[in-house]
Amino acid sequence: MTRSYRFPEGFLWGAATSAYQIEGSPLADGAGPSIWERFAHTPGMMVGGDTGDIACDHYRRYKDDVQLMKALGLHGYRFSIAWARVLPEGTGRVNEKGLDFYKRLVDELLENGIAPNATLFHWDMPAALDDRGGWLNRDSAHWFAEYAEVMFKALDGRVQRWATLNEPWVVTDGGYLHGALAPGHRSKYEAPIAAHNLMRASGAGIQAYRAHGKHEIGVVFNIEPKYPHSQSADDLAATRRAHAYMNEQFADPALLGSYPPELKEIFGEAWPDFPADDFKLTRQKVDFVGINYYTRAVVKHDPNQYPLKASPVRQANKTYTETGWEVFEQGLTDTLTWFKDRYGDIPLYITENGSAFYDPPVAEGEVLDDPLRTGYLRKHLRALHKAIEAGVNLKGYYAWSLLDNLEWSLGFSKRFGLYHVDFATQKRTPKATAKLYARVIESNGAVLDD
Ligand code: BGC
């Protein structure tokens, strides 16, 4: 029997990027340096010595890139704003030229019938604020709200869907606990403080929106479901810890106003006693939550793993992407139903989903065949449809990513794009996945029927 994958009327089909990963020209037109600018220019931090100096040169080629979006038939485009372009010192003086770039981008999108969806913080904190302690400073919540207000005043009305933060877990785990991402700290004493201040900042940004904004605001979490390696008490407890650490540590303060008890167990004496009042700030009404889903983890107890005492177990006979992530589409359905059960019926978007598989640096021909990525997209869209059938209030999907881009400290070595980018010439070539996605959008999912 054929199964229909037609999505609900009005379902939003989009694609996502982020500023430092695609824009290039990070210091142009009076922009201040960000922590990623500094990190990328520190020897040994980036694979291949890659930097965001040019990236996809989107800062100069944004009009052409909007045409690529139009060719896909996108309804929405999720991009991020580089805080240090707008406020070079992070607070205070507004750099009108930096702001102008986003005004021009938004105008171009609207003229082409594509809804602009802006994320305020996708990891590139102004370096000047890092010098003042970055996310370890409690004032960071006010710095963020000040910046957010500048953006709401400049663009609300034209940008009708905002997100405060992208993936605070990655910022704290990579940036403050393990040091693989900017600002490159390694401290279990700092990580929970940075995490907490990020969620205070998100709350302060939402409050500022209620005073100035007229449309929708939410926050974006990466959710990676955790499954136990065995039913032993040790593995089950390790799975709980991993889940609390990665998923609930951020969604709970935002949506429930508390932290799960496992965090104290994980961080021990490094877990601070946060003032009760803080949770009034972290818990603000959101209009939606964005979920970024890539993979799952199967977890086992591992006393040597710091500080979680839990580690992932590689699965036999499964496909893994170039970033080492298992292709596991059922996890997307499970994530969405779990989220609804725990946090209630909040409108949800998948704000990122995609896969890095090997593509050659130079694309020959008009379309680059990328069968593994095409398979990943098809499977995950079907899994998404299952979640809608199970009653999840899912409003849209953004593919990660529009373009191959700078995969943070992995440089240009990992390609997630719907469009291939030849980084030597900046030539864009659609991959077969882009072609499939365009047909999905045109048929509202019907092309996935089997
Ligand atoms: C981030 C993106 C990143 C992608 C693939 C997410 O963690 O939001 O910036 O490129 O996943 O790793």
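Glycine too: its Cβ is placed from the backbone N, Cα and C atoms.
Taken verbatim from TrEMBL:
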type     : residues                                              : note
ACT_SITE : Glu167                                                : active site, proton donor
ACT_SITE : Glu352                                                : active site, nucleophile
BINDING  : Gln21, His122, Asn166, Tyr294, Trp400, Glu407, Trp408 : substrate binding site
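Recorded features from TrEMBL, shown on the structure.
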residue: Gln21; record: substrate binding site; Cβ contacts under 8 Å, 6 or more apart: Gly52, Ala55, Cys56, Ser401, Asn405, Leu406, Glu407, Trp408
residue: His122; record: substrate binding site; Cβ contacts under 8 Å, 6 or more apart: Ser18, Ala19, Tyr20, Ser80, Asn166
residue: Glu167; record: active site, proton donor; Cβ contacts under 8 Å, 6 or more apart: Trp123, Val220, Phe221, Asn222, Asn292
residue: Tyr294; record: substrate binding site; Cβ contacts under 8 Å, 6 or more apart: Asn222, Glu224, Thr323, Trp325, Glu352, Asn353, Gly354, Ser355
residue: Trp400; record: substrate binding site; Cβ contacts under 8 Å, 6 or more apart: Ala15, Ala16, Asn292, Glu352, Asn353, Gly354, Phe416
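DSSP assigns His122 (substrate binding site) to coil in the three-state reduction, outside any helix or strand.
Close to the recorded substrate site, the chain also has Ser18, Glu167, Glu352, Ser401, Asn405, Phe416: residues not among Gln21, His122, Asn166, Tyr294, Trp400, Glu407, Trp408 whose Cβ is within 8 Å of the site's Cβ mean position.
In this structure, of the binding-site residues Glu407, Trp408, the smallest number of CB atoms within 10 A of the CB marks Glu407. In the three-state DSSP classification, Glu407 (substrate binding site) falls within coil.
If you draw a 10 Å sphere around the CB of the residue listed as 'active site, nucleophile', it holds 25 other CB atoms from the protein chains shown. Overall, the recorded substrate-binding residues Gln21, His122, Asn166, Tyr294, Trp400, Glu407, Trp408 cover a maximum inter-Cα distance of 18 Å.
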